[in-house]
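Asker: After the structure tokens below, expect a handful of questions from me.
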């Protein structure tokens, strides 16, 4: 039998899709890229913003038209968690609904017509699953926690993924070793608040923290690089930043989700820190790792965001000069504090602010790219670049998270670490040549 999976949203959903495949493989399901021949079609959904949620029902309609007569459609993930049986009412072609915390139950629900499994209680089977043998990957995703205990006013995740729980370290290390044996060179650790690891386990566990986990993972032979997402700025204390700086296998790029540069808006968002506190953490980090790459998330148009609040955000953008920016207009979500507020920033104002923010960030990237010319980086080869069946180079990322295109005629295999020198740039893109010894 064949299964087709459509994955929407974040890296956590991508990992959940791997979990679904792992469970279904026990029932002899094989993945296919063609929904027309699938016996089972799964849509793994995102509900962080409204747009992907609207897209879900469009996708269901399209799949219902092209699927085999007896094929089943299942909706999984975060939208499944918060909409539950309402999905079945709105889309009768859906056979079952499976929440984000219930992926391990897929083998049960596919045999139950109109089943709804969306509980967000603790469940070790939500993360303890057999390693899914697949084509070797240079970069692999690895969950270290599930759920979230934060109460950000705009975020639906605690409602869809439940309370935060750390995965036992021995299970993480075992999975990482399997990934390394399967060819993985770079791990991407996943969690809603990865650097809060160790605060709660589902059973008795030795006291450990995120830095302890990073140190243990660094000892695994074959793993060359470790990245993680998404950390919370509140847990970036001096001890964590110092150990982050010292560990040679931990990539010197980090996600620091700002959300807003206004202390007033941050307070309304229930983020737990101020603009000044955030900038202090950045200053400390750059003192330890001057070349660190920093990415961030910014929401514009949050309820009651004034012109002054937005200017504060622009000020932080100028001071930090983020290497990567994920920016969005505020999207009201159900089951959130802010979703019930009546105050709204006019949509045209939000679009104007977003455009200004993104345009300035593009300029910053170009300014930073100019300064990279002549600098040396070590790139993990991800893909070869070919033209007319001839090798023209490769592409990959530096330790600091910079995406680099390398021009060369030599064959370099994915997974190799290669020293390169930046020779030019174009619209923020970095172009390099192999650095001689």
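Each residue, glycine too, has its Cβ placed from N, Cα and C.
This is the feature table in Swiss-Prot:
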DOMAIN    1-115  domain 'MTTase N-terminal'
BINDING   10, 46, 78  [4Fe-4S] cluster 1 binding site
DOMAIN    134-367  domain 'Radical SAM core'
BINDING   148, 152, 155  [4Fe-4S] cluster 2 binding site
DOMAIN    370-436  domain 'TRAM'
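I'm curious about the neighbourhood of these features; can you describe it?
Answerer: For the domain 'MTTase N-terminal' (1-115), residue counts in helix, strand and coil come to 56 helix, 25 strand, 34 coil, using DSSP.
Counting only residues at least six positions away in the same chain, the Cβ atoms of 9, 13, 45, 46, 47, 48, 99, 100, 156, 157, 160, 161 sit under 8 Å from the Cβ of residue 78 ([4Fe-4S] cluster 1 binding site).
Cβ neighbours within 10 Å of residue 155 ([4Fe-4S] cluster 2 binding site), excluding its own Cβ and spanning all shown chains: 22. DSSP assigns residue 155 ([4Fe-4S] cluster 2 binding site) to coil in the three-state reduction, outside any helix or strand.
On the 0 to 100 pLDDT scale, the domain 'TRAM' (370-436) averages 91 in this prediction.
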Asker: Which residues, same chain and not among 148, 152, 155, have a CB within 8 angstroms of the centroid of the CB atoms at the recorded [4Fe-4S] cluster 2 site?
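Answerer: Result: 150, 151, 154, 156, 157, 158, 192.
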Asker: Non-local Cβ contacts of residue 10 ([4Fe-4S] cluster 1 binding site) (under 8 Å, 6 or more apart, same chain)?
Answerer: 46, 48
Asker: Taking the centroid of the Cβ atoms of 10, 46, 78 as the [4Fe-4S] cluster 1 site, which other residues of that chain lie with their Cβ within 8 Å of it, listed in sequence order?
Answerer: 8, 9, 12, 13, 45, 47, 48, 52, 77, 79, 100, 160
Asker: Counting only residues 6+ apart in the same chain, whose Cβ is under 8 Å from the Cβ of residue 152 ([4Fe-4S] cluster 2 binding site)?
Answerer: 259, 269, 270, 271
Asker: DSSP-wise, what's the residue breakdown of the domain 'TRAM' (370-436) into helix, strand and coil?
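Answerer: The counts are 3 helix, 42 strand, 22 coil.
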Asker: Any idea what DSSP makes of residue 148 ([4Fe-4S] cluster 2 binding site), helix, strand or coil?
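Answerer: It is coil.
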